[in-house]
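J.: One structure, as structure tokens, below. Some questions next.
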């Protein structure tokens, strides 16, 4: 199977997985909210967010792992994947220990002294922190295996694993509703168990399929550690800035407005996370190809994938974002019954921000492929962190709680413009080609799809069946608009050929 067909197949696998896990996840979220209540759900969002902040250090290292492994695999027989794997693995062992140390000191200090919660809930918050930190350490140690699976493009295995885990989570949270003890602590244990099962599955799979690569050998070349560690540090700076922006915003909201607003922010973030995950799946299928192409000396192909991924990711995002924006309040009422205040406006502006973010799909892996990421991560991180002092000042001035998500799209736009400058300096990236191949078809499709639906929404009702009907019409019309405006002629021919081949079997 050639690289392009493999990328299309992997994308299809990932989208089937996402459809199933998203449906299961949305059902699970409603059950969890009903079982925990708004206050405990908000508490878990904040305390779990501290661990998420620490865990992002580990999960970001996945990109470091598959960057080096993918480039090394792209070298063919000249590469040494086992040496790279063991270098990355040793770094992760040390990193896991550091995360526990940081979490049990600074994280515990935040819970005991800063967290805006009643005294009766402090012990529960501490329990959630301890359990989550242990889970995080295990997750970090399994990151190299996850990176190897992505570099190998074994997306069928990861998809089946995540679907199974989602079903398991649904079953456990249904049982949570019948549990008569401390549900917040039980939920923390459920989330820990789910994470551990996933990570152990990845480790076992790698031992069976790539035993020669993951076989332990201590790499005594300290220059290798220095190179990977330097790359990782800059990657971590950017990642910490992004998650710091998100969790810092949650903490500032907690400081000014309490856990009830954290519940609204957490639910809106989850809606946004599901939507963005759909577009990121296409990136996930393309990242190994971008890096392997660059590692093999084919920079032109690498950039062409970046242009295509930006356009296609944006088009896919439109299928979900346009209907959701027009019906957000109605959809949230169907999903949650009782919608926490400000959830609708939080979610709507997050989707707008998601549209801006997706316009730079492929930028990060392309820059990472060059190995020179310092300037990108510094600028990327500082722009994102600028949100925190800005919203703190705005809240002090009396601005409404949703001001933080209103500011987000403008910061994201600044980030993408900065990355374009980096791409032009470090690669053969051409803005004129990017604008023509990615931006023009994306915005043309947006206007063709959104304008008629906006007019239709003005005369459409708000009952459950009317909302479902409008969403269905919105999805179909947006898909038609994409076919007419966003998809190239040769891509239409490829898709039609694939459909005919499947039908003739």
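Each Cβ is built from the backbone N, Cα and C atoms, and glycine gets one as well.
Just lifted these from TrEMBL, have a look:
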type	residues	note
TRANSMEM	12-32	transmembrane segment
TRANSMEM	87-111	transmembrane segment
TRANSMEM	131-151	transmembrane segment
TRANSMEM	163-180	transmembrane segment
TRANSMEM	186-205	transmembrane segment
TRANSMEM	225-243	transmembrane segment
TRANSMEM	249-268	transmembrane segment
TRANSMEM	305-326	transmembrane segment
TRANSMEM	378-395	transmembrane segment
TRANSMEM	401-418	transmembrane segment
TRANSMEM	439-460	transmembrane segment
TRANSMEM	466-487	transmembrane segment
J.: Are there residues at least 6 beyond the ends of the transmembrane segment (186-205) whose Cβ is under 8 Å from a Cβ of it, and what are they?
T.: 32, 35-36, 44, 48, 127-128, 131-132, 134-135, 138-139, 141-142, 145-146, 149, 154, 157-158, 161-162, 165, 168-169, 172-173, 176, 179
J.: Out of 87-111, 249-268, 305-326, 401-418, which stretch touches the transmembrane segment (439-460) the most, going by CB pairs under 8 Å?
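T.: Counting Cβ pairs under 8 Å, the winner is 305-326.
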J.: How about the transmembrane segment (225-243) with the transmembrane segment (378-395) - do they touch, taking at least 3 C-beta pairs under 8 Å (6 or more apart in sequence) as contact?
T.: yes
